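Among the features that Swiss-Prot reports, motif ''HIGH' region' is placed at 15-25. Annotation comment: Swiss-Prot describes Cys146, Cys149, Cys159, Cys162 as Zn(2+) binding site, evidence class sequence analysis. Annotated motif ''KMSKS' region' per Swiss-Prot: 331-335, in sequence order. Residues or ranges marked as ATP binding site in Swiss-Prot (evidence: sequence analysis): Lys334. The feature domain 'tRNA-binding' is assigned by Swiss-Prot to 582-684.
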Amino acid sequence: MSNPKRKILVTCALPYANGAIHLGHMLEHIQADIWVRFQRMRGNEIHFVCADDAHGTPIMLNADKLGITPEQLIEKAKADHIADFAGFNISFDNYHSTHSEENREYTSAIYKKLKANGFIKSKVISQLFDPEKNMFLPDRFVKGTCPKCKAEDQYGDNCEVCASTYSPMDLINPRSVVSGSTPVVKQSEHFFFDLPSFEEMLKAWTRSGSLQPEIANKVQEWFESGLQQWDISRDAPYFGFEIPDSENKFFYVWLDAPIGYMASFKNLCDRTGLNFDDFWKKESDAELYHFIGKDIVYFHSLFWPAMLEGSEYRKPTNVFAHGYVTVDGQKMSKSRGTFIQASTYLKHIDPECLRYYYAAKLNDRIEDLDFNLEDFVQRVNSDIVNKLVNLASRTAGFITKRFEGKLASTLENQALFDEFVAQSEQIATYFETREYNKAIREIMALTDKANKYIDDKAPWVIAKEEGTDAELQAVCSMGLELFRVLMSYLKPVLPKLAERAEAFLQTELRWDNIGSPLFAHSIAPFKSLFSRLEKKQIDAVIEETKALFAESVKAETAKKGKEMTACETKVEPIAPEITIDDFAKLDLRVAKVLKCEAVPKSDKLLRFELDLGDHTRQVFSGIKAAYSQPEELEGRFVIMIANLAPRKMSFGMSEGMILSAGTGGADLYLLSADSGVTAGMQVR
């Protein structure tokens, strides 16, 4: 008896309609698309929607700067985004915009329901106001001198030089980024969503398995620090939706953005006849999944489910978060040419190369993925060209030339074929649980076995012998049967290569017929299925990216030069002399950061879990001001004093000291080791 068909709705986080799609965005959309395509192959009813996040002050101001309307700006962005996603074969059923009538309707309805249920509060707040532009200023649209280190040209919420945080009203000599005028303080009534009212519901939901363990643990920290009322309103002028029954008040972009998931699906329903309530009503038995980046976990794990609960809609089945993309072990960089836009990549490289590389490294955890350019070329050529496609290319010619394109009527090696088919459920499980790296590893292991079979049988030798036609046909047909199975497994990852393979094999690649051989089946003449990836293609992408951002990099470099002058680091005097025997008492070791997190209720401490090769240790380090995203340190190698006596702290036992350079506070830099080191190595 077959399993009942599942009803699934999948979304990706909404790209902001004020910039281009880059390879960081593509990680999420490729991850989701592979999962969606796999579910389609399994016969499930699945719908895949997304939209542009099209509201907010940045869009309004950028449009004004360009001399166009916000509507014109977001329409251009939407067209560009759709083209980029299509270029990477992202198979959305609908791509919409939050600036739509559907989103206006649902945003207003949800707000009214929350208000009717007592979850909307109001209070008067003080804000900086631009008297020339006649507008209240968000924190990032105010600049001035840092009240702590006196660095100039700093934003209204934090200093990029000393990392201090503060109120925009604490800035020295504040000015409006919009007009250059000196802002004044004005009061305004704002509306707040009563998030604390949902704490017990959220605690139960976050512990129900609806979040990855890493997210659930992080949410627990937020509970411990206390949930706050959430300001959901902004004052005019603002590009967005007006709040019902209010004057010159607009919904904050983060209120209507997730509702955009519902609006995009409603737009799809209206076009196709799908039933919206089947997927969104409170008692819906459909599955709802959000694929997001780790930077927006707070909104999707707290505000969004609380909004849905308070307005009597269903909550997500699960929220799948992923890490960031690094390039060659470092953050994407405009100056190094690694902040690669999707459109730049598509000019030079087959999108399936990136789909495969991301899949080969993606798992179900919130880990950053390193896009190593040298490994990228090697892996694509080794796995896809040399192994997978080569399996077909060195057998198909014999079938076409010697047997008029017809495959054999029996399997030459039934046991080997059965072994390949038997892996279908394990590979399916890996795709289902988003452990794509394990699926790829399993598929490539089978590919190696298939190539070994051909190597051992050597059809090119058989072809030269008299009276061996039946054997030659059987061996080559067997190789192509194994190729068909492998391409079926890889179809969610490499959809365009799968299309070409289907045209060549003259059959549809389906999950439910993997175990059905193509006996006495006619195939088309073999044509090249995939081209080698060359280093010169990578170089072209890097150089074009550098040229694209040359002016902005130049301006940023000049700005950083000013900041360094404003906050000159004093060189401390050399400490008193010690002997070699004194130094020898220190046992310095290389340690790998397994986990790094902020210590709740501490302004300074980070908790490290360190791998020293043969054991792990916990170390607390007062470098929080210098590393505001502690999870980004995970996977790095650091230097520690391993024989320092353990110190009991209120948060736990600290078993060593991590070394860093700098004057303290935000001016601290972890010492790291050169490539090639391993955890536990002694520093000499």
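Backbone N, Cα and C atoms are what each Cβ position is placed from, and that goes for glycine too.
Location within the structure of each feature annotated in Swiss-Prot.
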| residue | record | CB count, 10 Å |
| --- | --- | --- |
| Cys146 | Zn(2+) binding site | 25 |
| Cys149 | Zn(2+) binding site | 18 |
| Cys159 | Zn(2+) binding site | 22 |
| Cys162 | Zn(2+) binding site | 20 |
| Lys334 | ATP binding site | 16 |
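With the residue listed as 'ATP binding site' as the anchor, the candidate binding-site residues are Cys146, Cys149, Cys162, and the one with the nearest CA is Cys162. The average pLDDT computed over the motif ''HIGH' region' (15-25) stands at 97. The domain 'tRNA-binding' (582-684): residue composition by secondary structure is 7 helix, 46 strand, 50 coil, according to DSSP.
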